[in-house]
Amino acid sequence: MEFALTLHIEKRKKADVLVLPFWKGTSQPEAAIALHPLKLSLDSVFNTGDFKGKEGETLFLYVEGLVEMRVALLGLGEKNKVSTEALRKSYGCLAKACLGKKLKTLNILMPEFNKTEEDAFIKAITEGLLLPNYVYDRLKSKQEEDDEVTLLQKINFISSNKHVLALAEEVAAICDGVYYTRDLINGNADEITPQYLAKCAQGLSQEYPQIKTTVFDKKRLEKEQMGLLLAVNRGSNLDPTLIIMEYKGNPKSKDHTVIIGKGVTYDTGGLNIKPTGGIETMKCDMSGGAACFGTMLAACHLDLKVNLTAIIPATENSVDAASFKPGDVYRSYLGKTVEMTNSDAEGRLILADALAYASQNLKPSRLIDIATLTGAIEISLGSEASGLMSTDDQLAKSLIQAGENTHERLWRMPLYEGYQEKLKSDIADLKSWNGRSGSSCVAAMFLKNFVGKDIPWAHLDIAGTAYVTEPKKYMPKYASGVGVRLLVEFLKQLSMVKN
């Protein structure tokens, strides 16, 4: 995406469309400087009620004498109810309308805001424009011309605020991480394998010297005795990997955030095989790992002053004669034994080994894991929020605030001691699954057993938000890229506190 800034509307250059924003109930665009130099009368539009300025409402007009072929009127809703999310939605609707008309270049008259909110609102507008500006069509052999998607290529902001470009570029850097994440999730599971993810990590470290990548292959995992990750992998003909990417944005500081993303590149459910209606989207079961890639990429683009390590335990959970059998017991990296009571509760197993490894070897100041862990969280929260479980109130508070800032919202769930009781096994130290009752919280409690003592830890369950079958106002169908904007916002706020 290319950005430009024009300080005066009469000096703008040729584009496919001129966008004029309106608050609901007004007939003057924001900012009102637009009408006079344009000599554009919109009385008939408002008198007929064809356009009312409702949130996300878009009306295209064809006006002669302008440098644009079209004028788009964009409704922002009620001015006294404006919020970052309302602006994301309105400009997301605009972006989708422009994509539908195959427009490439936009001249956008920016609304005027008070100084305290201006930066946040400009970022939200840019997010609304960029987040829908994505398509995954590389698997189509040929498309009819009418079906081809033409993405937005250039946005010229018309504004007196000279900081607009810097803010837009910052958002674009984060959205690049979101796109990268979506591509990994949307790709064929036969392509996006544990080995492919390892190559992606190595490719990032070649492109960005700030990243150091280490990959544990199966032989190294056996040496490390990561018994749970290896157990999940037994049914696959593809070896597992453990990917470690280290980014040192503040080498003088000992503060160190470790994020761990579930990387099940395809989840059949194992011998407890998933049914039709539940298995078809299971290429998305590595969404947590993909979000770690996107976060690392954005951290490099933004030159974040933090020390960050991302760990992705990657494997398929496939069906084979060698698949681990429900009821069998395996030893974890930590040494605790686990009775495998359901082969479709595999994500917590590979995360457990990764959490224990990070706790013992990386000296984390905080641990955050992100995973499509339980279907129960989708039943509880739908696609409106991800689940959060945490042992540390301050960490939870910071993540929740980052979620509010980005609208990748989190809802905190409890870690009551009673959930630990459900993990008791007669034949092992722990059992991996104990039925449907409280299953999201019980799964998180299982993970807690593998986190080092006194290490602040948070678990993000994104099973309901990572892959959506209905598009939203500024989100396409399927992979959402959830977690990237949230984690980057958390890291940005952390860098302000620690530096």
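Glycine residues also receive a Cβ, built from the backbone N, Cα and C atoms like all the rest.
For LYS274 (active site), the same-chain residues that are 6 or more apart in sequence and have a Cβ closer than 8 Å to its Cβ are ASP267, THR268, MET282, ASP344. Sequence annotations record features per position, and here Swiss-Prot assigns active site to LYS274 (among others) based on sequence analysis.
Among the features that Swiss-Prot reports, active site is placed at ARG348 (among others). Same-chain residues at least 6 positions away in sequence with a Cβ under 8 Å from that of ARG348 (active site) are, in sequence order, LEU373, SER432, ALA443, PHE446, LEU447.
Per Swiss-Prot, Mn(2+) 2 binding site is recorded for LYS262, ASP267, ASP285, GLU346. DSSP assigns ASP285 (Mn(2+) 2 binding site) to a helical segment in the three-state reduction. Listed in sequence order, LYS262, VAL264, THR265, TYR266, ASP267, ASN317, GLY347, THR372 are the same-chain residues at least 6 apart in sequence whose CB falls under 8 Å from the CB of ASP285 (Mn(2+) 2 binding site).
When other Cβ atoms within 10 Å of the Cβ of ASP344 (Mn(2+) 1 binding site) are tallied across all protein chains shown, the result is 18. For ASP267, ASP344, GLU346, the entry in Swiss-Prot reads Mn(2+) 1 binding site, with the evidence type sequence analysis.
Counting neighbouring Cβ atoms within 10 Å of each of the binding-site residues (ASP267, GLU346), the lowest count belongs to ASP267. Of all the Cβ atoms in the protein chains shown, 30 others lie within 10 Å of the Cβ of LYS262 (Mn(2+) 2 binding site). Taken residue by residue with DSSP, ARG348 (active site) is part of a helix.
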